[in-house]
Amino acid sequence: MSMKIGAEKFDERVQEGLSDTFMRGAVSSAQTRFRNGRLNAAEELGGWEEWRNLGEEIRTHTLENIDYYLDLLSEKVAERGGHVYFAQTAEEANNYITNVVKKKEAKKIAKSKSMVSEEIGLNDALKDIGAEVVETDLGEWILQNDDVDPPSHIVTPALHKNREQIREVFHDKLGYSKTDKPEELALFAREKLREEFLDADIGITGCNFAVADTGTVTLVTNEGNARMVTSLPDTQITVMGMERVAPTWNDMEVLVSLLTRAAVGQKLTSYITSLTGVKEEDDVDGPEEFHLVIVDNGRSKILGTEFQSALHCIRCAACINVCPVYRHIGGHAYGSIYPGPIGAVLTPLLGGYEDHKELPYASSLCGACTEACPVKIPLHELLIRHREKIVEEKGEAPVFENISMKAFGMGTASPTMYNIGTKLAPKVMKPMVKDEVISKGVGPLKSWTTARDFPAPGKQRFRDWYKKRQREES
Amino acid sequence: MAGKIMNKKHFLNHVAGQLGRERIMDTVERPEWKHQPQWNVLKDASQDELVDILKEQCKSIHTEVLETNKEQLSSTIQDMIKDNGGGQVVTWDDPRFQDFQVNLETQEDLNIHVWDPRLGDENIRITEQANLGITFSDITLAESGTVVLFSDAGKGRSVSLLPSTYIAIIPKNTIVPRMTQAAEMIEEKVANGEQVASCVNFISGPSNSADIEMNLIVGVHGPIKATYIIVDD
């Protein structure tokens, strides 16, 4: 897998999402629960706006000085016996990691959840050299066993699957014979994956936050798989997007507090695991060898631009959980492992407009995402900026917008045309009006009304009403 | 032995260039943040109030809490072990067991393994089969119901991870309001030239997952059950 998922066109992906009834039900109930969880946790904490301001302050300062903090991080990791590789591209990162695997002659690799490893297509690179990779996050393991179905949410990746489908995957691929009760399914995963943890030669993890001043990688999890992956195998490889760095433990602590509340409404997840370098001399468990791979893969292009704040993202999915568009079309429709508002901002920046130019339009610009973001990324404003750039640079606004804007321009440019146009509108549109709205438009209105209703033009124009009122008053 | 750093100069020069400036070679002073709400949380709570907050929080993280005193601790632990069906028990090699007069190894009806670095991987093999793992808490966070564990030679990471049930002994004086205080304590140690432990675990209850239809499942890869014993010291 890489960042881009699926080969279908945007419209087709959206239609597929809209017609998946189970997925839409699952997404809307998940959104409601996540959203309520976040709001309750924020209210219980108190002063949430102050917390958001602090989050924004920390992230802004860190990104402005990111070369300094990455330098410090790498020095501190090396002091504690870890190797650090700076990878500018996905290819460089994959080459480095596959070389470590080859050198260790590793057969089995246990992996805990990492979005950046999906982004760079690490699993495919490892498969190509003949290594067996086992995803150990429950959701990721389900997807991997279902012929590598892509994730549809960055926190609960298998959100689009129901328990019958999961039972079927376990039954067909792993010989599972019990019911579709979530507890039984999870117990099966526990037993199967225990063997994998004990058997693995190498553990691979992502990184939620890396503390620069001590060289510490922090992992935020609930299941305990990241702890397994970093306690049992002899070699640990951690892959991080370069923007995951935080100056100190004090800052990491604040970001973790924001993340767990904004993501799932928890005060802290079951496990926050902070790992520094290799295990110490007398330690029994923990890795003897540790590699930290710091990945750019297009992120540096965003630095110094008006989109820099997109790199402040702490991957909580709060914006995804409030987005009305995500609610209806689901994660796969975005065609990227990063869905929802942050995905619509980030994906075109990392992957280019060519493949992802529709994404900034997959938004109603209601601003719920901006309001939900725990580090105050102005997401809907960045989406507008994307649209402006797409038009400026490429002249590539959607066809409907071009025609209707031209007609609007013509109609409003001369007083006579405006007068005629507004007078005619109710008559021209009358055949399409039903119950005061137009739900099946023709011509340029058609694209609008496939997704929502258009209000019928008023019977009386504002100007006529105003004139009449003035006459009556005088 | 120090590790290697590869490809740094090229990478960071490029990053600095994107930011429209030269690489920063001097120390960057981390500014005093304008907003610091984290220090106000539970600021005025007494030690007893923190205990109450911790107990309340444990209700929402599926964690049982027992309270006892130094004299009763040893028998409380033994009862816990028996209530959970006995079997193999693994504990840290931690001087605090002595300080609190807990002598589990001398009990003939218990099957106790004390983590022993000289036995190497044998520790992991035993712990993986164990029914119960017991450790002390190094710092305890009231707000989130969290025990903080620093790894060390006698303090294996697996003890709180591999057995089906995990028991944490919480000396009352280890309880602080929240993660803010724990982070500050770690930064103070580092400022004094101490090394941070290779693994610091912040553990809040048993492992869990909501990956199947958003149903909360308690007990996935780590312990299925967690119990805290608060000791009045």
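Even glycines carry a Cβ here, placed using N, Cα and C.
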What does TrEMBL list, out of A:Cys207, A:Cys373, as binding the same [4Fe-4S] cluster 1 as A:Cys313, A:Cys316, A:Cys319? A:Cys373
With DSSP helix as H/G/I and strand as E/B, how many residues of the domain '4Fe-4S ferredoxin-type' (A:310-377) fall in helix, strand and coil? 41 helix, 1 strand, 26 coil
C-beta crowding around A:Cys323 ([4Fe-4S] cluster 2 binding site), within 10 angstroms: 28
Given a 10 Å Cβ-Cβ cut-off, pick out the one of the binding-site residues A:Cys313, A:Cys316, A:Cys366, A:Cys369, A:Cys373 that has the most other Cβ atoms nearby. A:Cys369
For the domain 'Lactate utilization protein B C-terminal' (A:386-470), DSSP counts of helix, strand and coil? 58 helix, 6 strand, 21 coil
Between A:Cys319 ([4Fe-4S] cluster 1 binding site) and A:Cys369 ([4Fe-4S] cluster 2 binding site), the C-alpha gap once rounded to whole angstrom: 4
Cβ neighbours of A:Cys319 ([4Fe-4S] cluster 1 binding site) where a neighbour is any other Cβ within 10 Å: 27
Cα of A:Cys373 ([4Fe-4S] cluster 1 binding site) to Cα of A:Cys323 ([4Fe-4S] cluster 2 binding site): how many Å, rounded? 12
Apart from the site residues A:Cys313, A:Cys316, A:Cys319, A:Cys373, the 8 Å Cβ neighbourhood of the [4Fe-4S] cluster 1 centroid comprises A:Ala262, A:Ile314, A:Arg315, A:Ala317, A:Ala318, A:Ile320, A:Pro341, A:Ile342, A:Cys369, A:Ala372, A:Pro374, A:Val375, A:Ile377, A:Leu379
